[in-house]
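Engineer: Structure incoming, see below.
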Amino acid sequence: MEQRGWTLQCTAFAFFCVWCALSSVKAKRQFVNEWAAEIPGGQEAASAIAEELGYDLLGQIGSLENHYLFKHKSHPRRSRRSALHITKRLSDDDRVTWAEQQYEKERSKRSVQKDSALDLFNDPMWNQQWYLQDTRMTAALPKLDLHVIPVWEKGITGKGVVITVLDDGLEWNHTDIYANYDPEASYDFNDNDHDPFPRYDLTNENKHGTRCAGEIAMQANNHKCGVGVAYNSKVGGIRMLDGIVTDAIEASSIGFNPGHVDIYSASWGPNDDGKTVEGPGRLAQKAFEYGVKQGRQGKGSIFVWASGNGGRQGDNCDCDGYTDSIYTISISSASQQGLSPWYAEKCSSTLATSYSSGDYTDQRITSADLHNDCTETHTGTSASAPLAAGIFALALEANPNLTWRDMQHLVVWTSEYDPLASNPGWKKNGAGLMVNSRFGFGLLNAKALVDLADPRTWRNVPEKKECVVKDNNFEPRALKANGEVIVEIPTRACEGQENAIKSLEHVQFEATIEYSRRGDLHVTLTSAVGTSTVLLAERERDTSPNGFKNWDFMSVHTWGENPVGTWTLKITDMSGRMQNEGRIVNWKLILHGTSSQPEHMKQPRVYTSYNTVQNDRRGVEKMVNVVEKRPTQKSLNGNLLVPKNSSSSNVEGRRDEQVQGTPSKAMLRLLQSAFSKNALSKQSPKKSPSAKLSIPYESFYEALEKLNKPSKLEGSEDSLYSDYVDVFYNTKPYKHRDDRLLQALMDILNEEN
């Protein structure tokens with residue numbers, strides 16, 4: 001009897017422990033005394049319901065018609081448990097379509113977590129804005145900036161365009177911001193008033209929004225800080241991160257004054273901890289949809305989102321529903337070395353890249369700071385998104401009739417892979433577009449984007465269509481460790497119907513997947529023409545047993561392809577954790593695109609060197625002229641070099657001129673020492689018997705040609721750097737293409753010796 005009592009006690013204790021563990025998961029969520037409800041009867045019906053059921057009506061939620069926020073008169077301000085009985089009573093009312101109690105959402109600002117210049121402006125930090133203007137004199141070196149100066153030279157500086165920064169507030173009286181501040185684009189949803197001024201504290205925690213706004217709209221030529229990308233645009237601030245964040249607050253922020261605001265810039269999202277899967281709530285999702293349909297007088301609001309800083313945590317931005325949305329332009333980062341920085345995340349939804357911080361020795365981003373100060377240490381994808389927003393403001397000034405989808409097409413068609421080509425993971429899709437999970441379609445090129453957007457030649461893209469592909473007879477498929485599930489998906493892309501698609505934009509794979517360890521899943525989707533895309537990579541920190549429920553994995557990697565044919569979905573678990581198990585419950589493939597090919601895509605995309613268009617003191621040179629000059633490029637010592645692809649007769653004719661027509665050893669060594677102070681000490685070249693000994697021009701061009709070819713690495717996928725293998729960034733000794741070129745030349749010198 002005594003033994004039986006002891007057994008019962010142990011069982012009860014074990015049950016209690018399990019109950020506590022399950023409760024602790026829910027306890028993380030803090031519910032607030034706010035209810036959101038959709039009430040088709042409008043304000044009058046909402047007021048009546050509030051009076052009858054004991055609520056205070058707080059008002060309409062943002063720009064969402066028939067959506068209202070209520071506060072219960074007798075409920076506590078916060079609670080660990082949801083008030084299901086109150087929610088049920090509200091949702092059971094025949095006048096209410098749905099109701100939901102609001103809860104706190106964890107949102108992280110996407111700055112990095114701690115673990116002689118053009119004489120155009122008198123702003124003291126202009127010379128440090130390397131990403132806006134290239135300070136180097138030599139035209140042969142690759143560009144480092146975003147090509148904004150040629151746009152400014154046309155008189156396009158963001159005039160008439162309104163951008164609002166959704167963040168922790170805006171120090172609107174800052175000397176470098178005040179002249180461009182727009183109160184109609186500003187609100188404080190944390191304190192519910194019209195002043196977005198940030199809360200000061202000892203740590204300057206709330207500097208984030210002011211820094212992001214400064215990147216966009218710092219004044220030019222006012223002897224303060226630096227220069228904004230769109231320095232004549234108007235900027236506002238939405239204070240919404242310095243307090244409790246709910247779905248209603250996010251929706252109100254995303255949908256704030258959409259008839260006035262053109263561009264919304266957001267550098268935040270769910271925690272970048274490598275284990276969170278979260279996206280917009282019901283209200284925020286509706287705010288996005290309302291914005292693209294009704295914003296900017298029907299042309300659609302432009303939503304710019306930072307792709308995330310969870311790289312060190314092994315995070316994947318496909319698990320972030322904000323960057324993974326078809327309505328946002330997701331922006332990643334590149335360092336001044338032209339590399340993917342340590343904090344950047346990889347995913348198939350990233351559309352493009354702008355510059356930001358990299359290694360600790362790299363330069364960072366300059367902007368305004370709290371207390372009317374300046375900073376040169378803004379970092380992370382937080383700093384990349386506002387630069388992109390500023391570039392889009394330049395495009396909207398040039399062509400105010402651009403739609404939200406026009407802007408995405410412009411980004412896809414003009415972003416450049418050449419300055420980032422030394423990174424692994426580049427692939428050409430079925431439409432001839434270069435794309436990468438780290439960088440999207442490449443580095444933003446302001447001049448190319450604005451030129452293509454010219455209202456005299458640009459044609460708005462055709463109406464958006466949506467085609468849903470699913471198998472109504474699909475039976476759940478089991479998946480275990482070291483196993484895989486392959487699903488063949490044939491489709492005619494709604495051919496013969498009004499929503500037929502011939503040219504793809506976004507692709508969404510919506511799935512419910514039950515699995516014992518979510519982070520061990522790997523999902524790839526291969527298009528009908530063979531473009532393979534990683535929709536989900538493994539996340540070591542994600543030990544959740546919750547899987548995915550109706551989660552949309554979004555990809556832009558098949559942009560421009562014809563979707564007709566058989567697609568292949570592959571879900572695997574190669575973790576080796578034999579206890580893992582689960583199943584694929586259901587899925588559907590959602591194709592977004594157009595029934596006819598957009599005008600600008602009727603000719604293939606032509607990629608040229610990013611240096612083709614100069615935008616600094618070297619002057620602006622027409623692309624066609626540069627192309628014509630290529631067969632007679634000058635060598636480093638001023639003489640002519642014959643390109644490798646010249647005819648054999650021309651090559652033979654110059655054999656006798658090699659000594660005078662190719663770089664000398666002395667010149668190349670001098671060149672290297674100019675770029676690497678330690679080069680001579682690390683690598684002492686042998687004495688040359690002849691100062692006139694030169695490198696054959698064939699070898700010189702071989703060195704150049706090798707720059708864009710990824711090296712092989714043992715153990716990597718297919719003996720090449722895989723799109724999702726980070727070892728490249730840990731093993732490459734030369735971080736910039738300049739250094740790699742110089743090293744290649746020095747290798748040739750050593751071989752000659």
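Backbone N, Cα and C define each Cβ position, glycine as well.
Swiss-Prot lists these features:
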type     : residues      : note
ACT_SITE : Asp167        : active site, charge relay system
ACT_SITE : His208        : active site, charge relay system
ACT_SITE : Ser382        : active site, charge relay system
COMPBIAS : 633-651       : compositional bias 'Polar residues'
DISULFID : Cys225-Cys374 : disulfide bond
DISULFID : Cys317-Cys347 : disulfide bond
DISULFID : Cys467-Cys494 : disulfide bond
DOMAIN   : 129-450       : domain 'Peptidase S8'
DOMAIN   : 460-597       : domain 'P/Homo B'
REGION   : 633-663       : region 'Disordered'
SIGNAL   : 1-27          : signal peptide
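I'm curious about the neighbourhood of these features; can you describe it?
Structural biologist: Other Cβ atoms within 10 Å of the Cβ of Asp167 (active site, charge relay system) number 30 in total over all chains.
The Cβ neighbour count for His208 (active site, charge relay system), using a 10 Å radius over every protein chain in view, is 25.
Here the Cβ of Ser382 (active site, charge relay system) has 31 other Cβ atoms within 10 Å, regardless of which shown protein chain they belong to. Classification of Ser382 (active site, charge relay system) by DSSP places it within a helix.
Cys374 (disulfide bond) falls within a strand segment according to DSSP. Applying an 8 A CB threshold to same-chain residues 6+ apart, the list for Cys374 (disulfide bond) reads Pro124, Met125, Asp176, Lys224, Cys225, Gly226, Thr366, Ser367, Ala368.
Over all protein chains present, the Cβ of Cys317 (disulfide bond) has 29 other Cβ atoms lying within 10 Å.
DSSP classifies Cys494 (disulfide bond) as coil under the three-state reduction.
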Engineer: Nearest to Asp167 (active site, charge relay system) in three-dimensional space, by Cα, is which of the recorded positions Cys317, Cys347, Ser382, Cys467?
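Structural biologist: That would be Ser382, the closest of Cys317, Cys347, Ser382, Cys467 to Asp167 (active site, charge relay system).
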Engineer: Give me the CA-CA distance between Cys494 (disulfide bond) and Cys347 (disulfide bond), in Å, as a whole number.
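Structural biologist: Answer for this pair: 27 Å between alpha carbons.
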Engineer: Given the recorded positions Cys317, Cys347, Ser382, Cys467, which lie within 10 A of His208 (active site, charge relay system) by CA-CA distance?
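Structural biologist: Within 10 Å Cα-Cα: Ser382.
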Engineer: Helix, strand, coil: count each for the residues of the domain 'P/Homo B' (460-597), based on DSSP.
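Structural biologist: Helix, strand and coil residues of the domain 'P/Homo B' (460-597) number 3 helix, 72 strand, 63 coil.
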Engineer: In sequence order, which same-chain residues at least six apart have a C-beta under 8 angstroms from Cys467 (disulfide bond)?
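Structural biologist: Within the chain, Cys467 (disulfide bond) has Cβ neighbours under 8 Å at Thr491, Ala493, Cys494, Gln497, Asn499, Ala500, Ile501, Pro563, Ile590, Leu591, Gly593.
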Engineer: Given Cys347 (disulfide bond) and Ser382 (active site, charge relay system), what distance in Å do their CA atoms have, once rounded to a whole number?
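Structural biologist: Rounded to the nearest whole number, the Cα-Cα distance is 17 Å.
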Engineer: Can you tell me how many other Cβ atoms are located within 10 Å of the Cβ belonging to Cys225 (disulfide bond)?
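Structural biologist: Cys225 (disulfide bond): 27 neighbouring Cβ atoms within 10 Å.
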Engineer: Calculate the distance in Å between the alpha carbons (Cα) of Ser382 (active site, charge relay system) and Cys317 (disulfide bond), and round it to a whole number.
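Structural biologist: If we compare the Cα positions of Ser382 (active site, charge relay system) and Cys317 (disulfide bond), the gap is 14 Å.
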